[in-house]
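*Asks:* I'd like to ask you about the structure that follows.
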């Protein structure tokens, strides 16, 4: 999975897909009551990027629905995963539940269309800190109450704050979640980051019977040398401001027979097992 990073304006969706991304990550900004208002990062953000691009959240969902609905004139078959970077750290933890209800409802109304020809992409809920775990509970509660639990099959969870992996597992256990789990490791592209935690996450993913990590990705990678380093370790995905650089690295002899781009036929919730 090549995840385009900080794809917050509607016109950027096709721009990043044209560069080779098959997944996009966008920031979801909330008001003080936990209502998802905009796809917006704000200042500061990654080096060399404009931090202020944005869209109204519901309008953004309407657009990506079209891009991920077969038969729609805007359909792009390569876009298979949407990662929602939920800016919950900007609001009180007490509002995490309200935020979960709101995001689930807006996805039902504007993306899935409650079963009426909605978008087909997989959804990854990127949660910054384990203390905001009530968001997940609320999201699942809302799908159940609205009679649309079938969409759980399309939804995964990912804690992105580089917290202790065992702490993350404990929170997932508390929530009763042991599938559809991704693990991110990374830092803004402005700073270097070692591989210690990334290696631990990959080790857990590859431990037989370990349920709490099915995919691991590194973010936000801009240098080809760091992309190569991550691929050598065996990551499932790379988040980048420059998807075209990842595409180029994947074509190199060292990687071309080991990796390929994920398509809609690839299940993002299953551990990859080499044949």
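A Cβ is built for glycine as well, from the same backbone N, Cα and C atoms used for every other residue.
The feature active site is assigned by Swiss-Prot to 5, with similarity to another entry given as support. Annotation source Swiss-Prot lists Mg(2+) binding site at 25, 27, 85. Residues or ranges marked as active site, nucleophile in Swiss-Prot: 41. Per Swiss-Prot, the feature disulfide bond maps to 45-51, 47-190.
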*Asks:* Out of 5, 41, which has the highest number of nearby Cβ atoms, where nearby means within 10 Å of its Cβ, if these are the active-site residues?
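*Replies:* Its Cβ has the most other Cβ atoms within 10 Å: 5.
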*Asks:* Quick check: with 25, 27, 85 left out, which same-chain residues have Cβ atoms within 8 Å of the centroid of the Mg(2+) site Cβ atoms?
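*Replies:* Neighbours found: 5, 6, 7, 8, 26, 28, 39, 41, 83, 84, 86, 87, 126.
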*Asks:* Looking at the recorded positions 5, 41, 45, 85, which has the shortest Cα distance to residue 190 (disulfide bond)?
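*Replies:* When the Cα distances are compared, 45 comes out closest.
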*Asks:* Of 5, 41, 45, 47, which recorded positions are close to residue 27 (Mg(2+) binding site), meaning a Cα within 10 Å of its Cα?
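*Replies:* Of 5, 41, 45, 47, within range: 5, 41.
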*Asks:* Would you kindly give the Cα-Cα distance separating residue 85 (Mg(2+) binding site) and residue 41 (active site, nucleophile), rounded to the nearest Å?
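*Replies:* Distance between the two Cα atoms comes out at 9 Å.
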*Asks:* Spatially, and counting Cα to Cα, which of the recorded positions is closest to residue 51 (disulfide bond)? Options: 5, 25, 85.
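*Replies:* Nearest by Cα distance to residue 51 (disulfide bond): 5.
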*Asks:* What is the nearest of the recorded positions 5, 25, 85 to residue 47 (disulfide bond), using the Cα of each?
*Replies:* 5
*Asks:* Could you tally the C-beta atoms, other than its own, that fall within 10 angstroms of the C-beta of residue 25 (Mg(2+) binding site)?
*Replies:* 26
*Asks:* Have a look at the recorded positions 25, 45, 85 and say which one has the shortest Cα distance to the residue listed as 'active site'.
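*Replies:* Of all the candidates listed, 25 is nearest in space.
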